[in-house]
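The annotation region 'Disordered' is assigned in TrEMBL to 48-338. Under the heading compositional bias 'Low complexity', TrEMBL lists 84-97. Taken from TrEMBL, the feature compositional bias 'Polar residues' covers 125-136. Residues or ranges marked as compositional bias 'Basic and acidic residues' in TrEMBL: 137-146, 153-216, 262-295. Annotation source TrEMBL lists domain 'Tr-type G' at 424-593. For 427-575, the entry in TrEMBL reads region 'G-domain'. Marked as GTP binding site by TrEMBL: 433-440, 479-483, 533-536.
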Amino acid sequence: MSTEVTVKQLATTVGIPVERLLTQLQEAGISAQAENATITEGEKIQLLQHLRRSHGKKDEPAEQPESEATSVRRRPATNDSRAARPSRPAPNRGAAPQRGSAARTGKSVNVEVRRKRSFGKRNTETPQPAATVRTTQRPEPERTEAKGASPIDEQRRRAELEARRAEEDARRLAEQEALETRQREEARRKAEADARAKAEAEQRRKAEEEQARARAEAPTARYEATEPDEAMPVPAADAGESESETEQQRDERRKAAKKHAERSEKERLERERERAEKDRKAARKEPTRTKKHDPTTALEEETSEEAVITRPSVRRRKKPGKPQLQDKHGFQRPTAPVVREVEVPETISVGDLAARMSVKAGQVIKELFKQGMMVTINQTLDRDTAMLVVEEMGHKAVEAKEEDAEDALMALLEEEVGQAEAQSRPPVVTIMGHVDHGKTSLLDYIRRAKVAAGEAGGITQHIGAYHVETERGTVSFLDTPGHAAFSAMRARGAKATDIVILVVAADDGVMPQTIEAIQHSKAAGVPVVVAVNKMDRPDANPDRVMQELTHHELVPEEWGGDTILVKVSAKTGDGIDDLLDAVLLQSEVLELKAPVEGTAHGTIVESSLEKGRGTVATVLVQSGTLRVGDMIVSGAEHGRVRAMFDELGRSVKSAGPSIPVQVLGLSGSPNAGDDVIAVTDEKRAREVAELRRERDRQTRMDEQRGANLDQLFSQLKEGDLKSVNIILKADVQGSVEALKESLVKLSNDEVKVAVVASGVGGITESDANLAVTSNAIVLGFNVRADAASRRVIEEQGLDLRYYSVIYELIDDVKKAISGLLSPIVTEEIIGLAQVRDVFRSSKFGAIAGCMVIEGVIRRNSPIRVLRNNVVIYEGALESLRRYKEDVSEVKNGTECGIGVKNYNDVQPGDQIEVFERKERAREL
Ligand SMILES: Nc1nc2c(ncn2[C@@H]2O[C@H](COP(=O)(O)OP(=O)(O)OP(=O)(O)O)[C@@H](O)[C@H]2O)c(=O)[nH]1
């Protein structure tokens with residue numbers, strides 16, 4: 001590496017004009033005439049020495065001891081009276097360590113300052129250390145003795161200036177060298193890169209040429225094959241063929257290569273552009289996501305999390321969308337009809353049913369129209385109709401199992417009963433038997449009260465319940481008219497009876513209703529205790545009774561069977577204690593138990609509406625304890641227990657298991673056999689009651705429709721089949737149930753008996769209208785038709801009949817449908833009197849001051865007392881007076897005084913009906 005520089009370069013380095021440098025060179029004796037003349041290293045030193053000399057500096061030998069780092073020391077000694085201060089080092093010099101030796105003699109201080117300059121570091125850093133070293137080897141007048149203030153200072157300043165300049169020169173030279181080196185290095189690298197690029201291009205071109213040649217012609221290929229290892233001279237080898245052709249080919253190849261390069265470049269640029277675009281998008285998303293994750297506030301964080309969570313989910317949803325779209329054109333209509341399983345609740349609206357079948361409501365309406373029903377979209381359908389529609393429309397209908405308020409209540413009750421501790425309870429006994437075999441007399445004897453005597457026709461009509469305390473224990477009795485009410489209660493799911501006492505008159509033996517009673521008892525799984533009654537009668541034949549009973553699988557114990565049989569007389573009371581013993585023994589065998597504490601649960605034995613008292617329901621408590629103030633739900637009714645009475649009319653506060661009580665407070669009359677449940681919550685009671693009411697309404701509608709359909713059926717399809725439609729009203733629910741059951745059973749192969757409607761209370765206009773539409777006979781049992789209904793009945797020519805004896809009513813219907821239309825004795829009302837006031841007479845008791853409003857009142861005719869169109873008493877007249885005179889009859893529109901025999905409870909507002917038994921032809 002040469003260290004020679006031109007004059008111009010040196011002038012530039014030193015920072016002086018070229019002319020001046022040339023002059024200085026000439027002065028120094030260096031022969032450099034032009035600016036591009038070279039100056040050697042030696043000449044540089046020569047110039048330097050000349051310059052120093054020209055500035056009056058002491059000439060120092062050029063040869064200094066060689067060292068990597070030259071130290072220049074200065075030891076200025078002063079005898080300054082003041083404290084000597086170290087001289088300030090030049091800014092571009094390294095900090096020199098100061099070492100002061102403080103030798104104080106009197107007031108004078110000797111200060112020695114030593115400076116040290118080091119160039120070693122720069123030398124090592126510089127790529128060309130030789131030049132630098134040489135430059136730094138310049139002898140400098142560093143050691144100067146201070147002699148006198150002014151010349152010494154001047155000399156030092158000059159020396160320092162000179163040194164600085166020399167140093168500057170050296171630095172510039174070093175920098176120049178470094179710059180040159182860098183430039184040379186760069187040039188070299190560039191040359192190498194160019195050469196490499198050229199070689200690569202040449203190589204590429206050669207490869208392309210080879211390929212082209214290989215494709216083009218074989219001779220060329222052969223030619224090339226002769227000189228395979230000559231890479232660069234290939235074009236020259238081509239020149240051997242034809243110069244112009246080669247040139248042309250080369251141009252073409254070049255063009256092709258260029259095109260190819262351009263295409264490659266274009267593709268590359270395209271790829272880069274795409275990549276850049278992708279990166280740009282990613283960069284755009286990235287800050288958003290990081291921003292969302294930035295938890296500056298809790299709310300923001302939450303929001304951002306939501307966004308982060310929802311965003312991919314949206315994408316996820318979107319992704320599968322694409323194939324779906326692609327597949328869309330492949331959609332095909334289903335080839336087979338879709339059959340759905342439709343759950344049908346108890347009631348459902350047309351609209352809801354359509355929705356469950358996934359069809360339009362119009363289709364359901366159309367279907368129903370086809371079946372003869374005009375409905376609207378909001379109309380409610382019962383389950384049967386809805387299921388029929390579902391099946392008709394080709395779907396599968398299943399009954400929906402719904403957990404409604406009633407189910408929930410029942411579940412709760414079962415749970416409570418299951419948890420409560422069960423205790424022994426009294427047996428509940430039902431007395432059954434044939435007519436007049438002595439059921440009422442037996443119960444009466446047991447209760448020590450005379451009830452039988454006052455009953456109309458000598459037959460039990462009201463279904464009651466009583467409990468009696470005997471010396472041997474408590475027994476509760478249900479007094480029912482035969483087995484009809486018993487079976488009606490059973491039909492409602494009530495199992496109120498534990499033991500049946502089957503009364504068989506010893507003088508009469510087993511009769512048809514005795515057999516029916518046995519069958520009902522067996523069907524219910526209730527054990528039977530036989531009471532062979534009327535043993536006091538001389539013609540009593542208990543053996544015959546036992547004999548007949550064995551035909552019906554009741555074998556008495558004394559004959560080796562397991563049936564307890566007790567011979568009694570309701571008249572004399574003989575054997576009654578034995579009968580009660582037998583009942584209690586049977587109950588012990590049955591181990592009857594029920595929880596005493598907890599929610600009360602029972603059964604309605606009977607219920608009726610009484611003026612001033614509202615609904616009066618006889619409830620048999622079966623488990624728990626019913627208390628006054630309890631909220632109860634019974635059938636479709638509910639209410640709070642206002643008061644409770646026992647069978648003797650005494651007010652009671654509570655009733656435990658197996659105890660019957662009369663309950664006041666229900667919202668309406670429930671049916672015999674309906675359950676009674678005490679609930680804590682009135683809301684729940686109302687819900688359950690409403691649910692059941694709606695169900696009952698639907699059932700009634702079905703019943704009505706069924707009756708009409710039957711009639712239609714009998715008229716249109718089977719001309720031979722006759723249907724007798726009946727509307728039945730009675731004074732108490734028990735009678736309604738018993739009559740209904742008996743009437744329906746009268747149906748035979750030729751005639752069908754249908755009870756279109758039935759209920760408790762007087763016959764109303766609505767009943768009459770229903771009778772018109774359903775072409776029904778109206779039967780009143782101990783009830784009467786009000787004025788409005790009578791008008792309708794007369795206008796329409798309907799058949800209205802009143803009865804006060806169950807078996808008369810049933811027999812009438814029975815005989816009528818059996819074709820026994822022989823004239824029979826019937827009742828005919830001949831007069832009606834309205835009670836205006838009641839007077840007390842010492843001789844006759846209560847005397848009713850009346851106005852005859854219909855017909856005629858006759859002295860010797862039987863009468864009935866009506867209150868709110870319900871018969872409350874039946875008997876005879878004690879007295880009939882007009883102006884204190886006894887008269888035999890009083891006509892319509894006349895006032896009179898009536899005394900009722902053995903009855904003193906007549907009240908103003910009551911009606912007294914006078915009737916006669918007349919013989920007339922059957923109309924049924
Ligand atoms: N001699 C005698 N007569 C009796 C006895 N038990 C009942 N009677 C009479 O038999 C008749 C009918 O008695 P009831 O008690 O009304 O018979 P019932 O079975 O209740 O009749 P229904 O209510 O119509 O089912 C009455 O006249 C009673 O006086 C008895 O043990 N001996």
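Cβ atoms here come from the backbone N, Cα and C positions, even for glycine.
Automatic prediction, not curation, is the source of TrEMBL annotations.
A coil conformation is recorded for Met535 (GTP binding site) in the three-state DSSP classification, outside any helix or strand. Cβ neighbour count for Met535 (GTP binding site) (all protein chains, 10 Å cutoff from its Cβ): 21. Less than 6 Å separates the Cβ from ligand 1 in the case of Asp436, Lys439, drawn from the binding-site residues Asp436, Lys439, Met535 in sequence order. Mapped onto three states, the DSSP output places Lys439 (GTP binding site) in helix.
Here the compositional bias 'Basic and acidic residues' (153-216) is broken down by DSSP into helix, strand and coil counts: 64 helix, 0 strand, 0 coil. The region 'G-domain' (427-575) scores a mean pLDDT of 79 in the predicted structure. Secondary structure at Gly433 (GTP binding site), as computed by DSSP, is strand.
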